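**Q** Okay, these came from TrEMBL:
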- B:86-104: transmembrane segment (TRANSMEM)
- B:139-157: transmembrane segment (TRANSMEM)
- B:164-180: transmembrane segment (TRANSMEM)
- B:192-214: transmembrane segment (TRANSMEM)
- B:226-253: transmembrane segment (TRANSMEM)
- B:273-289: transmembrane segment (TRANSMEM)
- B:301-323: transmembrane segment (TRANSMEM)
- B:354-376: transmembrane segment (TRANSMEM)
- B:431-451: transmembrane segment (TRANSMEM)
- B:457-475: transmembrane segment (TRANSMEM)
- B:487-515: transmembrane segment (TRANSMEM)
- B:543-666: domain 'STAS' (DOMAIN)
């Protein structure tokens, strides 16, 4: 068909543009009829529309490969190796597995200067926090220092984040402490408990490295932000309540973690409260919280909160040491062994009776520490505009934990608070982690006796100050404002953690998140569309007041893939749209409905049930003498309909590239065949 | 801004249409620039585009109500009561709860005639099948007849399908038999087993009615067609293998259902095989299968397969009766008590030790029988073009089972095979069920002694013939052709049922189906779009060869809601699109990339993580001096972005109603500010 079109355009007030063009034949040229407000019927021939085509043919194997590469290699990590010499490829590969080779060649004295300053700063924070978090995990305090020595060294070679400060963190410590202590009491069987902790760390590392190697990094995406906000707030409250033991000086305290037994324990043991401990704890807590506040007000004063914990430790240790005869009721850390991390590979405990426990603990703490480490790494990477590869980070953190488990370390990852201090102190590369390790090394070798008189109460105050920042009520408020179901997820994980248990609370929250996705698929939005006058655009008539119904047409958009889970709903809802439209036509005395157009733009996938439903709808509507056409079906939808033979029943006249073409073409047909 | 537009159109070969129109001011009028192949820049002002608006404001409560009504009342069941007098409303309500009032007023002799013929036909099938299926559930054969008497009567008053033939069915019988027998042996504790069967039936009824009352009918949608194809094939094979006990005359047979122990049992007991039984079973099996084949070839001969089971029963009973002295090794049904259903409400067994078992069994058989009943009802309703309301059917089937459990019936629903016969025999209303009940009543009262000598082997043959139709290998083949993941679901449920257990097999299949939905959300398709010359349409450049890239623009469509589960992927993938585009530009020496347009048409929902990601992408791209705009964001996406404050960073210049408007407007801006 040869279509010869001349068009003269006149636009604007004082301006005049004239364009005349010829286009010969074929569907590629001007084929769309003008805007409906002009209603110039283009020609007598009904088919000047563009054909909907199938996507390029691919074999099942090709499709599988494409699909798998999208699942596992969305970032196309091998792209960088293309068109490179073998030497270069080797070097790029080395850089890929050991990111240290990316920046080491250009490392200079100026960078070192920044890294030394930031490294020393985080060390001053890492030492007291390391001791405190180890206590949170019910481990000997020295393990917290061991864990601040080996893992940072390994991360500095393998990790791709330049600002991550590695070491023990509160959440993972808490979870490990709870899960292990549920089965094995740390007071009754301390050496078994320690063995299990190292073994769980080993499994956490194996699990993390496996996720990274198998490129399954996306599993941590299922912990949505809403889940994490609720979880962290709940965990922070639990951790803080646990510290009441130290802050009040209670000796006999529950081993449980939930809010009810802890509070019961606190108020049943008022006889054990010690006023000296309470006064000391409260003073230092106020000092630490004030320092935190100062740093939050002014980012340049970050060093105030960074130095406060070590200052508190030194001050409180001095006080206790000087008044040791009068303050004997304040419990102190006591003797800490001098020396480097002892090897612990022989302590890994693969006995079948505890295997389930350690594997479970390893997986849960592994996922949690990955989530924290990767989120922190990404946050600072985006501030400095570089990329952190999730799968690679998983491998780095995984290997670091595996190595840690053989050198008396428990689960470590990137800590949010210390990384923020690291960033603010001007860290440039992971050398700051090496500096921190070196500082811890010196502490381990020479300074351990100094901690003998450090009171436990100060550790509680440090922990509370660290975790209080995890309660992000503003984020929760924003969730409520933006998305009520997200807020519900947040509440579920919050209360789940507070009242049930950490893994179960997380499980419930993930369940609610997944349920939300399924709900959206099960009950997709549908909308009747109308034309925006003067354009080819069709929009929801309930949202755009100017959108006008097209007489005799009902245009419905389905806003979700068509799956088994929603086909019944889609069919019922579409029939209801038609019923309502017919009622509207009767009351408004409009021209009768003749054609239903299904806008498939947002139907991004379909399964066999969906295809059956479309065929079913077509059959039902044809029995009622209604034309039924599809607009803009997606590539894979077309392909599946073709494979199932459903396309044949639609033929050329049932598929259009856009709603606008469908409306124009079908109205033209009606005019030709009155 | 007042825009004065005159346009003169000249179109077509021999036809000439001229339209001149004025439009004053505002964005509602002609604002789209002409197709890009014409490239007439419309005016010097950059903003003649349509604004993206928020959906109409609704309070949280209104939104919740709307959402809940879509979830629970998608078919708007109360619409019919609108604008009606109170009398009419009462009658409509009566019709709603008792569909019998819909057709009863117009019932006439001609309809009755059809119903009597079809009722008698299905009775001749229902009696032997009832006895057989009861044996499948390890229940006394008489319970099968009881179950073919009371439930059909209740369904005929409450049910909305006119063609459903109600009674025991193979799948639910099999599942009940397996699940109960796992805990309580039917041979050792027959009366406890019977009590548990009635109690499970009661719970199935309660569960079904509750689903209907709470309008939670959509839960059965989660058993996708693919799951059911695999499940039914697996169940059919298991059922058939179980019949080997009867067909071979084996006395000592396993109680397990899985394929391995059953086959082991068969070949370990070759000494118990009885050639008389085998000969008789094989002959009648061949007879029944031939009759089935005949009816399938010619739909008009449906009565051949409908009459065959009763014929076989009569013939085989006669043979055994006549040669009873010689055929004593063929096991027979034996004595069946005469008389109506005895009440069984006192047999319901709510003891806590078996409560879990009966509730579980009730839920699983309840879901399975609902799925079968509703699917069958819908199939025949769509053939005769009437509606079957899923929730109402659930209530009908639920009440029928609750009543059944108090009158010595076990789980019943609409049977596919008998409903097909019912439909083919010309059933017009549920009166055919009443006729069938009456026939069963007569049988129960007077004909029971006739079944004394009926051999068990014939029941096995009847069951095999009935279930063999459930193996739908053509559907499985179609699944493979259309959707590989659907086929995987099918295989999972098939092998799960065959090798593990019925509930676990179903659970795995549902899990795979849900995983498929999640996979689509986790790894959504993305596509680069190009303009189809001469139109305002933008399409995937890899699918439409004629689609042309727009210089300096990268237009990417995301084809899924943006959730926590995919935000990382979307961000990585978008950055990769940009990287690839920039590489392409470098190699092809094209004009540099200046603007990225995200087509949000298919992003039908967003959560807080999604919003954060969009803001994050905008920030990253702006650092690289790339403009980033959104095209056609959906209503609820706009709303959430507005609530979270993310919209402000986009402002008026960052949102467009369509890709085409975005391209035209942004190019116009560039021309103004070179």
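Glycine residues also receive a Cβ, built from the backbone N, Cα and C atoms like all the rest.
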**Q** If you average pLDDT over the domain 'STAS' (B:543-666), what do you get?
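**A** Taking every residue in the domain 'STAS' (B:543-666) and averaging pLDDT yields 88.
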**Q** Tally Cβ pairs under 8 Å between the transmembrane segment (B:226-253) and each listed stretch (B:139-157, B:192-214, B:431-451, B:487-515), then give the stretch with the top tally.
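**A** Highest pair count goes to B:487-515.
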**Q** Tell me the residue counts in helix, strand and coil for the domain 'STAS' (B:543-666), as DSSP assigns them.
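**A** DSSP composition of the domain 'STAS' (B:543-666): 64 helix, 21 strand, 39 coil.
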**Q** Is the transmembrane segment (B:86-104) in contact with the transmembrane segment (B:457-475), using three or more Cβ pairs under 8 angstroms as the rule and ignoring pairs under 6 apart in sequence?
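**A** Not in contact, no.
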**Q** Would you confirm whether the transmembrane segment (B:192-214) and the transmembrane segment (B:273-289) meet the contact rule of 3 or more C-beta pairs below 8 angstroms, pairs 6 or more apart in sequence?
**A** no
**Q** Any contact between the transmembrane segment (B:431-451) and the transmembrane segment (B:164-180)? By contact I mean 3+ C-beta pairs closer than 8 Å, pairs at least 6 apart along the chain.
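**A** These two stretches do touch.
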**Q** Taking 3+ C-beta pairs under 8 angstroms (sequence gap of 6 or more) as contact, is the transmembrane segment (B:164-180) in contact with the transmembrane segment (B:301-323)?
**A** no
